[in-house]
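Working notes, beginning with the structure itself.
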Amino acid sequence: MKKVIIRKTEEIENWKRNINNEINFIPTMGNLHNGHIKLISTAKNDNSNVNLVSIFINPLQFDNKLDLENYPKTIDNDIKISFSNGADAIFIPSNEDIYPPNNKNIKFLKAPIELSSALCGLNRIGHFDGVCTVVYRLLNLIKPKNLYLGEKDWQQLLILKNLVLKEKLNVAIKSIPTQRDFDGIPLSSRNVHLSKNERKLIRFFSSELLEAKKNFQQEKNINLNEIIKKLSAKKISIEYLEHLHPHTLQKARLEDNISLLAGAIRCGETRLIDHVFLMKRRPIIAIDGPAGSGKSTVTKLIAKKLKLLYLDTGAMYRALSWLLLKENIDYKKEKKLLNIFKDISIVFKSNTNSHQDVYVNNCCVTEEIRSQKISSIVSKISSIKEVRKFLVEEQRKIGESGGLVAEGRDIGTTVFPNAELKIFLTASIDERAKRRKSDKQSKDSQEIDLDTLKELIEKRDFEDSNREISPLIKANDAIEIISDGYTINEVVDKIIDLYNDKIPKETEIK
C-alpha cells in the first residue's frame, strides 16, 4: 500500500474509499517517542487493518498559552518515525480543519465531572473537555475500527472510554502499558524540557512509586504521608499524590484488590505525571452458569489466551462424586463423608495435548467424571453442606494469589465474591441440549434422545437453582452473556474484551 500524508479533513473520505479496509487509529500531538512507537507497532502487529496516525496539537487541551507555544514541534521527524514503524497514512490537519470558524455543527463536549474533577482535572481546568472534543471530532471523521491509547494518561483513557460509551461510538479502545525510559521515568513529549537535575528528581519520584508498588505486594497497604515526606525532602514540588479506585477515581477502599497510586510533580516549568497500579493478588475471572452453557470450553480457551490458571470447580465436585461411587460410600452419612475428606487429593495436570487432566488420589479420572452416571448424582452431592464447605475452602486456597479463571455455579457469589470480572454464561435449554447431544455423540456412537437431554437439563437446572446451599444465581455485579447464535470464539473474545476493559495492561508486567 502506498503511504500517504493527508492534510485536509475532506481528503479523509477519499482516502477511506480507496483503502477498502478497517482502520486502526493512533491519535498523537507529535514529538513522537518510544511510547508512540509502541502504539503504532502494536496496531500494526494486532491485525491486517490500515494504520492511521494523526498529528495535531489540540489548542483546547492547553489552559496556558505559553505552554501551547512551547510544546515541542518536530513534524518532519514524526512523519519519519510513523512510517518506519507501521503507519500507512498520517493525518496532519490544521486548527481550521478541525475547528472551522463559524461552523455551528462542531460539538464541544464536557468531560464527566466524576472522572475529570480529580487528579489532573484539579488544576488543568477545561483540559479534558478539550480532549473529549477533539477525539470525538476525529473519531467521527475517521470512523476507525480500533483506537490505540496509552495507559500513561490513565485518567484520560478512562474519560475517553466513557465518551465512546456515552456517545455510542462504534470503536474498540486498545490500550498499551506505560512505556518507561532507560532510567525508569515514563516517556513523555515534555521530557525534552528537563535539565539533568530535573530529570534526577523525576527519576526519584518514579522510583518511589515503583518501590511503593513492590512494598504493597508484601504489606497490602500504602503510606501516602511517608512517600510525600520523602519527596518533600528532595524539594520536589508535588501537585498531587492520590491512592484511588482505578475506575471511579474515588478514594481506594480496603476491599479493593486493584488500586491506583497516581501523582503529578513540577520540575521547573515542566509538569509531569506518573502512576502505578497496586495489587493484593493477580486478577480472577469468575464464570458461572447452568449445565451445557459452554462454560468449560470457554473458560479453557480464556485461560490459555490470557495465560491464567484454569480452575474447573465442577470437575472437583465430579471427582469427589466419582470417588464416593468407587468406594461405595453413602454420601448421606456425614461421618463417612468427613473421613474421606482427610484422604482425598484432587489435582489438575496439563497433558501432552495442552488439555487439563483430573487426578483423584493419583488416578486419572478425566473421562470417567463426565459420564451420565456421575452427572445424575453430582448435583445432589454438591448440595451437601459439608461437601461444599470442603471444596470451597480448597478452591479458595488455589485462588489465594489470583491469576486464574474459574467456572462453576457459585464462583462469583460464594467462592470468589471479589473477582474482578464476573460472567453469567447461559443459553436456552434447546441450545444447551443440542450442544450436549453433539458433545456426547463425538465421544461415543450411542444415539441420545434430544427430548431426554432437555428433561435432564431442566431437572439439573431446578436442582442447582433451588438447593439450600449456594444455589445457582447470577451475582449482582455479573455480566450476563446469552450464547445462543454465537460461536465459542465469539463468546471468548467478548469476555476477553471485558477483561481488558477492567484490568490495566500494566498489571501484567512483573
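Cβ atoms here come from the backbone N, Cα and C positions, even for glycine.
Database features, via Swiss-Prot:
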- His36: active site, proton donor (ACT_SITE)
- 29-36, 150-153, 187-190: ATP binding site (BINDING)
- Gln61, Gln156: (R)-pantoate binding site (BINDING)
- Gln61: beta-alanine binding site (BINDING)
- 1-276: region 'Pantoate--beta-alanine ligase' (REGION)
- 277-510: region 'Cytidylate kinase' (REGION)
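Feature annotations (Swiss-Prot) mapped to structure.
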residue : record                    : DSSP class
Met29   : ATP binding site          : coil
Gly35   : ATP binding site          : helix
Gln61   : (R)-pantoate binding site : helix
Lys152  : ATP binding site          : helix
Leu187  : ATP binding site          : coil
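When Cβ atoms from all protein chains are considered, those within 10 Å of Met29 (ATP binding site) total 18, not counting its own. The CA atom of Gln156 ((R)-pantoate binding site) is located 16 Å away from the CA atom of Gly35 (ATP binding site).
It is His36 that, of the recorded positions His33, His36, Lys152, has its Cβ surrounded by the most other Cβ atoms within 10 Å. Note on the binding-site residues Asn31, Ser189: the fewest other CB atoms within 10 A surround the CB of Ser189. By a simple count of nearby Cβ atoms, those within 10 Å, the most crowded of the binding-site residues Gly35, Gly150 is Gly150. Shown are the binding-site residues Gln61, Gln156; the one with the most C-beta atoms within 10 angstroms of its own C-beta is Gln156. Cα separation, Leu187 (ATP binding site) to Gln61 ((R)-pantoate binding site), rounded: 19 Å. On the 0 to 100 pLDDT scale, the model's mean across the region 'Pantoate--beta-alanine ligase' (1-276) is 95.
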